[in-house]
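What Swiss-Prot says about this protein:
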ZN_FING   5-29  zinc finger
BINDING   CYS5, CYS8, CYS26, CYS29  Zn(2+) 1 binding site
ZN_FING   65-108  zinc finger
BINDING   CYS69, CYS75, CYS100, CYS103  Zn(2+) 2 binding site
Amino acid sequence: MLSFCPSCNNMLLITSGDSGVYTLACRSCPYEFPIEGIEIYDRKKLPRKEVDDVLGGGWDNVDQTKTQCPNYDTCGGESAYFFQLQIRSADEPMTTFYKCVNCGHRWKEN
């Protein structure tokens, strides 16, 4: 629900005062409207899991293949862990995900 200031017509924002009472306050003028009898919910962003967490840290249990790391100039890696997933439609080829054994760099091939 959007509310606007009756004095200057700017949007009112929810703020909490020192007493713990929530108010709708205008940033442009001193207008404040106390909020009573309404529950206020706060949205929080949850951290996303890394690919290692999704696999349960099981990169060591997946197959290895000889392939050159895209960061070969810096790490010299010539083997990588890999697994395949069907992430597109069934008539498309599977996507192969790689992780370099030396530096841990991850990449994929369609």
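Cβ coordinates are placed from backbone N, Cα and C, and glycine is handled just like the others.
DSSP gives CYS75 (Zn(2+) 2 binding site) a helix state. Annotation for CYS5 (Zn(2+) 1 binding site): spatial neighbours MET11, LEU12, CYS26, SER28, CYS29, TYR31, criterion Cβ-Cβ under 8 Å with sequence separation of six or more.
Remote same-chain residues near the zinc finger (5-29) are listed as 35, 40 (criterion: CB distance under 8 Å, separation of at least six residues from the stretch ends). Highlighted in sequence order, PRO70, ASN71, TYR72, THR74, GLY76, GLY77, ALA80, VAL101, ASN102, GLY104, HIS105 have their Cβ within 8 Å of the centre of the Cβ atoms of CYS69, CYS75, CYS100, CYS103, the residues recorded for Zn(2+) 2, and are not part of that set. The record gives CYS5, CYS8, CYS26, CYS29 for Zn(2+) 1. Within 8 Å of the mean position of their Cβ atoms, the other Cβ atoms in that chain belong to PRO6, SER7, ASN9, ASN10, LEU12, ARG27, SER28, PRO30, TYR31.
Each of the binding-site residues CYS8, CYS69, CYS75, CYS100, CYS103 was scored by the number of other CB atoms within 10 A of its CB, and the lowest score belongs to CYS8. The distance from the Cα of CYS69 (Zn(2+) 2 binding site) to the Cα of CYS8 (Zn(2+) 1 binding site) comes to 60 Å. In terms of local Cβ density within 10 Å, CYS26 ranks first among the binding-site residues CYS26, CYS29. Taking the zinc finger (5-29) as a whole, pLDDT averages 87 in the prediction.
Between the CA atoms of CYS100 (Zn(2+) 2 binding site) and CYS8 (Zn(2+) 1 binding site) there is a gap of 59 Å, rounded to the nearest whole number.
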